[in-house]
Amino acid sequence: MKLLSVCAIALLAAQAAGASIKHMLNGFTLMEHSDPAKRELLQKYVTWDEKSLFVNGERIMIFSGEVHPFRLPVPSLWLDVFQKIKALGFNCVSFYVDWALLEGKPGEYRAEGNFALEPFFDVAKQAGIYLLARPGPYINAEASGGGFPGWLQRVNGTLRTSDPAYLKATDNYIAHVAATIAKGQITNGGPVILYQPENEYSGACCDATFPDGDYMQYVIDQARNAGIVVPLINNDAWTGGHNAPGTGKGEVDIYGHDSYPLGFDCGHPSVWPKGNLPTTFRTDHLKQSPTTPYSLIEFQAGSFDPWGGPGFAACAALVNHEFERVFYKNDLSFGAAILNLYMTFGGTNWGNLGHPGGYTSYDYGSPLTESRNVTREKYSELKLIGNFVKASPSYLLATPGNLTTSGYADTADLTVTPLLGNGTGSYFVVRHTDYTSQASTPYKLSLPTSAGRLTVPQLGGTLTLNGRDSKIHVVDYNVAGTNIIYSTAEVFTWKNFGDSKVLILYGGPGEHHELAVSFKSDVQVVEGSNSEFKSKKVGDVAVVAWDVSPSRRIVQIGDLKIFLLDRNSVYNYWVPQLDKDDSSTGYSSEKTTASSIIVKAGYLVRTAYTKGSGLYLTADFNATTPVEVIGAPSNVRNLYINGEKTQFKTDKNGIWSTEVKYSAPKIKLPSMKDLDWKYLDTLQEVQSTYDDSAWPAADLDTTPNTLRPLTTPKSLYSSDYGFHTGYLIYRGHFVADGSETTFDVRTQGGSAFGSSVWLNESFLGSWTGLNANADYNSTYKLPQVEQGKNYVLTILIDTMGLNENWVVGTDEMKNPRGILSYKLSGRDASAITWKLTGNLGGEDYQDKIRGPLNEGGLYAERQGFHQPQPPSQKWKSASPLDGLSKPGIGFYTAQFDLDIPSGWDVPLYFNFGNSTKSAYRVQLYVNGYQYGKFVSNIGPQTSFPVPQGILNYQGTNWVALTLWALESDGAKLDDFELVNTTPVMTALSKIRPSKQPNYRQRKGAY
């Protein structure tokens, strides 16, 4: 069938002229460009109607997970994440690009090594995953500046508006990044099928024009001019209808919105607030964008967590498997055709890339943990939903109806939303009317079916909806030509294996279920017990009823085998596509879905392919695991698991069975406390002999920052001088007149920041930080000063990233870092002359491999001593567990070897002992990558996962710590250790380490 392409905005900016016309196809409206030549460009790739996207002419539900490649700086691990998302039944990944990491200096775009996008596209294609590209320029994303580079603080214009200075500042970045994305589009054989200009462009204040069609059109034109031809989609922060098709200038092709309905209160993970379940999304969609598929571009899959928060384990408990059952099935009840879950894999805010509202971990409570584990129950639950949608193409043809408490269920305690098919199958989404309910509610259903309206169960008993659960009951569900008249048990998947069909159904504990199949054959139980089971033949319909049990039953009706499972059992089932070879996995399509097999195998099944007479599975195991293959192709005779030929048995139902033995290797990790630690004082700036003549002078009379006027004689805003990340150090020189007794200083570093102040070598005090304080005014008493003598104030500030810029017009990202104001008693402010430093070179940053944000302004960082093989041979031997006896900062470095056996995925963590003693701050560097900021008095993070590829699992590693003692009695680490969690026997390919350039003497380092 020929499908013609659509462009609400022309395929290229030069093609903007030309009206749209409408066609009808199978009763659905398609939009297409009026110029046939322009239609041809996309006709066989990506089109859409009001029901769904079409990719290569095939209607497809986009089930997507959010992944940020910049939060996992090991490109050879990206395939692992993609395969784990593919195994969920998903077919797409959405990704942000962080501008701040690619254009650290205005006009110099660098997207190489860990920051290159092409390898990300390559492994997406290898895994058979489509991509939704979201390069901003603004991304939010809990990233420093919301993805804006720090030098935008100097732009004389309002951010995210039509202000010419801002637009010009974005041109270089978008021209480059969009051109790279364009090369990865499906039109060029790549995986990119959608492109999102801007991000959550949904609200403004402060007299900013909003919505500004000229601005959005500019961002759109930037993309089109760079070669973007796939459809453009947006993510309104709520159902506001902003920039939807038909709104005029700046409209996108497909309207989408975001939703985080449960909020972010991880401190109360069991609390579901009243009224937070969306109920109007369908009617909102019909008002705002009825000609496009209903699209949820960010739907909640976890939560951020602030400094001092309860931790991401609590966030995973808040947005858990029960949340998924209730909220994601609710999304499906609205007819969601593009559903992207934020985040599906969170990763790490390594190298200072996060904003002040979060700490190093960006685990997010996601289905995949920060260390890429799939052990959370929410991953398994999501796999049930994802594979159901993948196996149910008629879902996209069903029309969502209005939710109701009558007409379907026999109790008003339950709400049912119908999705009615026109001879193509119907779906009934059942939930508690009070969605927060934890009650178990019995019910019966009245269902309209091809056999008439039926009251279910027909064979007696009642159905049960347990608390915080939801069901999708199918009606007239097509299983390869066999009509399932209804099933109250939920569908995991089904397959047609030629000589037989398989349907897998499941239910929760304590539930009773029933299904009816349009088939003349008798019902046979071919595996499992007949107890708590009954069946009845009614004409040409077989009705089966059973109580859910942990023991598997297989029922055969004609050529259909129906597996009756409990939910915990089906968690162990996987549906890998059957590929032609081991080089790549095909994109999800009718063909690849039909060719899939079913494998029961525990922890993870990655891929399946045939070669000659062999069936090859790649899978991971974390325990001795029984393995079953259901639907092995008739032309294969041998089974290979992770390349090893494996003996198996075949039972009477044609199921292959074997067992994979698991014997964890002994992982011997070095004791961190026993390493040969070398120590260097890295706050040499407070020594009386220190010379700061090479430092940049803070001598600007004015600031280009348009947000906050100066309240100091010279600008002390760090970004005015090109310093946007990590620790800042200021040195203020003055000649005393003897009247100076106190020093007031207001510093700003973002939430949970800290600062310390010295006068010459005398420690004055510290602000140890609170999450609630982005800035703080401190007053310090000075020791007696001598008239006519030179003094130096040294101020150390830990910056926590730049603010995001979510509300247009606030220019919140321009909130400066550094010193906002100060007062030296008895003196004019101009009596002090200032110098400052951050990372060496500022925007001319030294380490092009690890990027512009990785290192800050400490002496050891400026010298590059945090990198492997520093010149530490003559340094003092001292351990961070002995620590410092007075305020200051110590730098510690050591090397160690690892010998982790290949073939095992072994997550490693650096753990700090949690102290209630004096406040201190630690930066953790691993092979030159900053992989942790530990704040002892705020927390919550004490455990820092570091992936293979940053750590060398077979070879030498360097670890470095900066220990900042903020109080007068100094500080030491209570404990510091390297630990592992359960080794996973893995089919992962060999992990190539990210580049780890060693220390080299830096020209001009001070």
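Placement of Cβ uses the backbone N, Cα and C atoms for every residue, glycine included.
According to Swiss-Prot, the features are:
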ACT_SITE  GLU200  active site, proton donor
ACT_SITE  GLU298  active site, nucleophile
BINDING   TYR96, ASN140, ALA141, GLU142, ASN199, TYR260, TYR364  substrate binding site
DISULFID  CYS205-CYS206  disulfide bond
DISULFID  CYS266-CYS315  disulfide bond
CARBOHYD  ASN156  N-linked glycosylation site
CARBOHYD  ASN373  N-linked glycosylation site
CARBOHYD  ASN402  N-linked glycosylation site
CARBOHYD  ASN422  N-linked glycosylation site
CARBOHYD  ASN622  N-linked glycosylation site
CARBOHYD  ASN760  N-linked glycosylation site
CARBOHYD  ASN777  N-linked glycosylation site
CARBOHYD  ASN914  N-linked glycosylation site
SIGNAL    1-18  signal peptide
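Residues TYR96, ASN140, ALA141, GLU142, ASN199, TYR260, TYR364 are recorded as binding substrate; their most distant pair of Cα atoms lies 19 Å apart. In this structure the C-alpha atoms belonging to CYS206 (disulfide bond) and TYR260 (substrate binding site) are separated by 26 Å. Taking Cβ-Cβ distances under 8 Å and a sequence separation of 6 or more, the neighbours of ASN402 (N-linked glycosylation site) in its chain are ARG282, THR417.
Taking the C-alpha atom of CYS205 (disulfide bond) as reference, the shortest distance to any of the binding-site residues ASN140, ALA141, TYR364 belongs to ASN140. Using a 10 Å Cα-Cα cut-off around CYS315 (disulfide bond), the recorded positions TYR96, ALA141, TYR260, GLU298, TYR364 reduce to TYR364. Counting only the Cα atoms, the space from ASN156 (N-linked glycosylation site) to ASN140 (substrate binding site) is about 21 angstrom. Distance from the CA of GLU142 (substrate binding site) to the CA of ASN777 (N-linked glycosylation site) is 26 Å. Sequence-distant contacts (6 or more apart, same chain, Cβ under 8 Å) of TYR260 (substrate binding site) comprise GLU298, PHE299, GLN300, SER303. Taking Cα separation as the measure, ASN914 (N-linked glycosylation site) is nearest to GLU142 of the recorded positions ALA141, GLU142, ASN199, ASN422.
Nearest to GLU200 (active site, proton donor) in space, judged by Cα atoms and limited to the recorded positions GLU142, CYS266, TYR364, ASN373, ASN760, is GLU142. In space, CYS266 is the closest of the recorded positions CYS266, ASN373, ASN760 to TYR364 (substrate binding site), judged by Cα positions. Cα-Cα distance from ASN199 (substrate binding site) to CYS266 (disulfide bond): 25 Å (rounded to the nearest whole number). The residue listed as 'active site, nucleophile' falls within a strand segment according to DSSP.
The two recorded residues, GLU142 (substrate binding site) and ASN422 (N-linked glycosylation site), show a Cα separation of 44 Å. TYR96 (substrate binding site) and ASN760 (N-linked glycosylation site) have their C-alpha atoms 46 Å apart, to the nearest angstrom.
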